[in-house]
Amino acid sequence: MASSHSLLFSSSFLSKPSSFTSSLRRFVYLPTRQFWPRQRHGFSTVFAVATEPAISSSGPKKAEPSTVVLPSNESSDKLLKIRHTCAHVMAMAVQKLFPDAKVTIGPWIDNGFYYDFDMEPLTDKDLKRIKKEMDRIISRNLPLLREEVSREEAKKRIMAINEPYKMEILDGIKEEPITVYHIGNEWWDLCAGPHVETTGKINKKAVELESVAGAYWRGDEKRQMLQRIYGTAWESEEQLKAYLHFKEEAKRRDHRRIGQDLDLFSIQDEAGGGLVFWHPKGAIVRNIIEESWKKMHVEHGYDLIYTPHVAKADLWKISGHLDFYRENMYDQMEIEDELYQLRPMNCPYHILLYQRKRQSYRDLPIRVAELGTVYRYELSGSLHGLFRVRGFTQDDAHIFCLEDQIKDEIRGVLDLTEEILSRFGFNKYEVNLSTRPEKSVGGDDIWEKATCALRDALDDKGWSYEVDEGGGAFYGPKIDLKIEDALGRKWQCSTIQVDFNLPQRFDITYVDTNSDKKRPIMIHRAVLGSLERFFGVLIEHYAGDFPLWLSPVQVRVLPVTDNQLEFCKEVSKKLRACGVRAELCHGERLPKLIRNAETQKIPLMAVVGPKEVETGTVTVRSRFGGELGTIPVDDLINKINIAVETRTAL
C-alpha cells in the first residue's frame, strides 16, 4: 500500500483542469454526420470512435468505418501508468533541453497528462523539440526505478539540484519514507507512482504534446506563473488517431466559435470578462428556453417569483455565505451606512418569502421557482465562454415540505427534470446519489429518512445510479444528474439537494396539527443549472444546427432576382405575423444566398422566382430534407406550426 504522502503526487490529489474533452463518454461516429451516444447501466467509462472522417451523403457510398474502443484511466491501469510515466519523460526532456527549467508537479489527467515548469514561455517549435527528445528517451527503454529515502536524504538531493518547488512539496509531506522514481540513472522525481517498468513500454507514436498554458503555482494568483504543457497518450497509434478525430469534432462544435459565427452571444472586453451579452438571435433561443421552463413549472405546481440581485451583508451572514463562501463573492458596497453585496445564490431570498407570513402544515408543500441571476467571483484564467462566467442565471427552485412529503417531492422533481431535458434533446443521464459525510448537521433519523426518500424516488423512476457514500454536503444528501450530449460527453446540470441547515439558520417554521411550531424540510433544486451553461451545451450538442422549433431564424426568404423583392417582403411579413421567425435576405445571386443560409444554419429557405410570384407560392428548401416542393405560403405556415408543436423537422 502506498504511503499517505503519495496523494501529493498522484493525479487524484490534484484538481483536474476543465476542458471540452474532460468528460468523454462512449459514442459511435457514423458516416451520416450524426453522433449517437451509447450507454450501458447508466454510464460508461470507455467510448468508441471511428477512425475515418464523415463523407457527404451525395458522394460515393463507403462502408461504415470501424470503431476503436478508447479506454479511460479508470478502466485501464496500463493506460494510467503510461500517462503518468509520460509526464515524467516529458519533464526529463524539458530539463535536458532547458537546463534552467524548474519542475513542479506532473499528474495524469482524463485524456493524458501535464507538467508545470517554472521557465520562459514556450512556443510550438519548442513543443516539437520536446517531443523529439521524449521519443529518444522512450526508444532507449530506460527502467523506471522506485526508491525509498529518508526526509533528510530527500532534502539533501533536492538542494543539490536546486529545485525549490520540490522542496515545498517535500515540506508538506508528513510521513516517511519518501518515495522517489528514477528514469535510468539520469533523472528523478518525488513520486509514489504508479509507472510502467521501462520507457520502452510507451508507444511513442501514441503520444502527442497538445498545448501550453499558464498556471499559477498551487493555483494561487499571487504565486509564480508557470508553463503548463499538456499532452495526450494512448496505448496504440490507432487510439491516438481516434482521440484526435474526436477532438477535432469537439472543436468544430465549440460554442464560442459557433456563438460568434451565428451571432448568438459575445463577451465584451469593455464590460469585463465572464459577463455575457445575449445578441438578438441568442436572446430568441433563451426566451424559448425560459418560456418552456416557466410553463412546465407552473404545470408542476410551482409559483414563479422574482427577487433582488443585491441584499444587505447581514443576510449573507445569517445564511453562512460570509463565513464559508466569501472568496466567491464580490466586495461589499456601502449605501447610507449599511453594507450590501451582490448575491452569489438565490436561496436566502426564497426563505425570506417563505417567512413573510405564518405557514401551516396545510400550506405545505410550497414550491417557488425563479430564473435568478447571481454573481460569483472568478479569476480571469478560469473563465471559459458560457461554461464559466461571473454573472449567470440559475433555474433555481426551492421546496418547503413535511418530512413525509420528501419522497413524493423528489419524485416530482425527477419527473419535471426528465420532461424539461427531453424537450431539448437530452435523454441519457448519469445519476449519482451522495450520502451523509462524516461531518454534518441534522440527526440520524432525518438523514436516514431523507436519504431513503431520494433512493426510493430514483428506484421508483427506474433510473440507474451510483451511490457516492459520504459524498453529500454537510447539510443534506443530494442527487446529481449529468446529461450526455451528441458526442457522449457528460455535463453537470441538474442537482436536487435536501437541506437541514438553512431552515435552522433562518429559524423557519410551520404550525402542525397541534399548533406547535415545527421545522420544515427544504429542498434546493436546479434542472438546467444555469441558462448560460445550458445554452453552451445546447450549441455544442446540436453543433449550432438547432431543430426548427428552437432555431432563432426558422425561414429565410430568398428572391431569385430583385424583381421578386416586393413579394418576398409580403411573404416575410405574413410569416412573422403568424409567429414564424422569418427574415428576408437579398442583394446577391441565388446560389450565394443559399450558401449563406446554409452557413448560418437556417432550417428552411423559401425561394421566390417569377412563377412563385404569379401563383402566390414559395419553393421550400430544407437544410436537412432537400427540396420540399412549391407550396402556398399558408401551407408553409401550417407545416411549420405543426412541426414546432410536435418538435419535428420538415
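Backbone N, Cα and C define each Cβ position, glycine as well.
Together with Cys347, His398, the Zn(2+) site in Swiss-Prot holds one more listed residue from His182, His195, His524, His541, which is His524. Looking only at other Cβ atoms within 10 Å, the busiest spot among the binding-site residues His398, His524 turns out to be His398. Excluding Cys347, His398, His524 themselves, the residues of that chain whose CB lies within 8 A of the CB mean position for the Zn(2+) site are, in sequence, Met345, Asn346, His350, Ile351, Asp396, Ala397, Gln497, Asp499, Leu502, Met522, Ile523, Arg525.
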